[in-house]
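Step one of this worksheet: look at the structure below.
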Amino acid sequence: HMLPHSDVNKTETFQYFTPKFIFSIAKEVPHFTHLTLLYLCFVALLLKVQSIDLIKSKSEQNRMEHHTDLYQSEDFIIRRGQTFQMWITLSRPFNPSTDKLHLNLKIGSVPTVSKGTHIIIPLVDELRDDRWEAAVVKQDDKKIKLSVNSLPTAVIGRYQLTVQTNCPNGQAVSTHEPANDIYILFNPWCEDDSVFMDSEDERKEYVLNDVGTIYYGTSQQIGQRTWNYGQFDEGILAACLFVLEKSGTPPSGWGDPVNVARIISAMVNSVDDHGVLEGNWSGNYSAGTSPTFWSGSVEILKEYHKYIGSPIKYGQCWVFAGVVTTVLRCLGIPCRTVTNFSSAHDTDVSLTTDVYLDENLDPLDHLNTDSVWNFHVWNDCWMARPDLPPGMGGWQAVDATPQETSQGTFCCGPASLMAIRNGQVYLKHDSAFVFAEVNSDKIYWQRNTDGTFSQIHSEKKIMGHFISTKAVGSNERNDITHLYKHPEGTEEERIAVESACRYGTKAEAYSSPTAEDVSIEVTMDGIGPQMGGDANLTISLKNSSSEARTVVLHSQVAVMYYTGVHKSTVRKDKTDVAILPSESNLEYEDYKDQLVDQAALMLTLSGRVKETQQVLATQFSFRLRTPDLNIKPIGKAMVGEKMAVEISFTNPLPRVLKGVMIHVEGLGLLTARTISCGDIGSRASVSMTEHFIPSLPGPRKLLASLDCKQLTQVHGVADITVQDKSNGFFSSGGHALKCVPDKMAVI
């Protein structure tokens, strides 16, 4: 009767049992026993959560920094791989020496730690990258502010949050409040996320732009219509997560964008899983809405969510594609809508578009199941492909229009555009089908008197014209045909087609080489080229026949991210080679402005032997070596006594390194710190001295790394053995680098 209100539940009641309140009860309530008094005092000393503030307003720090302020929702929406802030109000001030606290995040019906669907976030003194951790950054009486680190590989979706506290008097777990659920999305701004996209202009277009253009018509008459993607509209994020849940796939797989894109490709059509849209090409739309009536995705997704997964009528290819763009952008995967003019539909995995004629050259309609669409619309989405060979990351084709099954389900992709372009149709997922859409030959077959068929004609430039998407930052049409195929009629394009068709059901449509007696191999001397120098690779062509052989050889060198995502082509050559070993030289000027973090490059070779028509193809990945940071310990390493290290570094590039930063740390030696070293001139050497006082004895490592826009992945380490003051022996050694400007000399 003394509580502020009488309708509170048992858990909430305990927060009012402070020691002062308990003693006031003891004075007024007859027969108040000592045992009861002790029990209530014990409860009062428990550490309990009274409230959680996720700082989730659209205008506050979390959502602004996570680029989620455009979502028209008051929910807490963040992106994985970044830190976020939160306040927790406790029943009493937090004592770090005796109190413990951790956060629990759970997603799915059976959250499991080993599957990443139950995340336990411990409280630590200092946050580290690549792990779930929380640290107290501010304390105000009973309130503590936490900074929380998330993994860049975390499962995306809606998590339930609870807080568990522990103290000498026992433990308590906060009640789950739906208002405190955390929505975690993919993060194209995070370099460690597999959907990372390094261009801010492209992120604005392919993630943040909620209006776009879809192209239709014919290659001679290209039309366009504006489409409202509306990925930030109120209720759309909830609808998109509902689509994921409706798929029945386990949440443990929702951290992989390859898997998520494939799920969405299946779920946006309704054929075998009661997905979002029912397709209709009959011309009769009286039972629903005509596909041409839709002008955006918002109404479709909201209706699907509202009616608990009842498919919306009706859609055709551009509607399916528009909805896919909305869903993937909403979840944080960069995506664009793509139109292919003269688009083939290959029904028998032949990788050709086949026309069958009888003995009189009349069409055999019952066999002519392949077709050519005036236009077809699908999607490209951006991600790394660690499941494929290097170089296959970047844009991936995804098609939600139900045309053919893939592994028993009506879905398509993601298929690497690089694989499609080069005819590597054996790489997953569904690259053969997309290849046929954009680059299949149209082949005419005539029936013979014995019932067999013979090829009588082929057309090689029919499919895949003016492949179009909206340009970045403008309303212009961007032709991306070159990303899907080599220029029509070139040797490279023919090699891609013939290589692809070897994996089809009609490989006989292309003549086999009369001999396969030439082999190709790429080698590199020693440990590879140094950053700033030229890269020399040896291309060896071996002729095992007794006759002369000539190869038309195409070579291309491309810069890649370490995830295998293609960044840009820096060198292309075409050479007629009489079979002799040859050497390819890549000069610094070719690659200097294109390199990214790991300085990785790939040489792609393809060619044809003129005399036998044998096709040659290979790829060779290599990396440019970066220089070391050299660290030389100076003086005796003793606990509590000042010592120094000399750090030296030579710029290997014929250009100035601007805004050089050095990070140095060593457990038991010195705490992590970052030093600004300014600019370092072309080919210049610098030397600097850093002083510190070791705090722990034993073998220690001093680590250093250098970073600037022009040069990354420069680091070093020095081994230092620190002695206690009671011991006189000491040793040190090692090599690495570190920059700390107590003293700096330019050599």
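Here, residue 1 is simply the first one shown, and the rest follow in order.
Yeah, the Cβs are placed from backbone N, Cα and C, and that goes for glycine too.
What TrEMBL lists as active site is Cys317, His376, Asp399. According to TrEMBL, the Ca(2+) binding site annotation covers Asn439, Asp441, Glu488, Glu493. Sequence annotations record features per position, and here TrEMBL assigns domain 'Transglutaminase-like' to 309-402.
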Counting other Cβ atoms within 10 Å of each residue's Cβ, which of the recorded positions Asp399, Asp441, Glu488, Glu493 comes out lowest?
Glu488
Sorted by sequence, non-Asn439, Asp441, Glu488, Glu493 residues with Cβ within 8 Å of centre, Ca(2+):
Ser440, Lys460, Lys461, Met463, Gly464, Lys485, His486, Gly489, Arg494, Ala496, Val497
Averaging the per-residue pLDDT over the domain 'Transglutaminase-like' (309-402), what integer do you get?
91
So of all those recorded positions, Asp399, Asn439, Asp441, Glu488, Glu493, which one's Cα sits nearest to Cys317 (active site)?
Asp399
Just to be sure I understand the packing, how many Cβ atoms besides its own are within 10 Å of the Cβ of Asn439 (Ca(2+) binding site)?
26
Using Cβ atoms only, which residues of the same chain lie under 8 Å from His376 (active site) while being at least 6 residues apart in sequence?
Cys317, Thr339, Asn340, Ser343, His345, Thr401, Glu437
Any idea what the Cα distance is from Glu493 (Ca(2+) binding site) over to Asp399 (active site), rounded to a whole Å?
23
Give me the Cα-Cα distance between Asp441 (Ca(2+) binding site) and Asp399 (active site), rounded to a whole Å.
21
Alpha-carbon spacing, Glu488 (Ca(2+) binding site) to Asp399 (active site), which is rounded to whole Å:
24
Taking the Cβ of Cys317 (active site) as centre, how many other Cβ atoms lie within 10 Å?
25
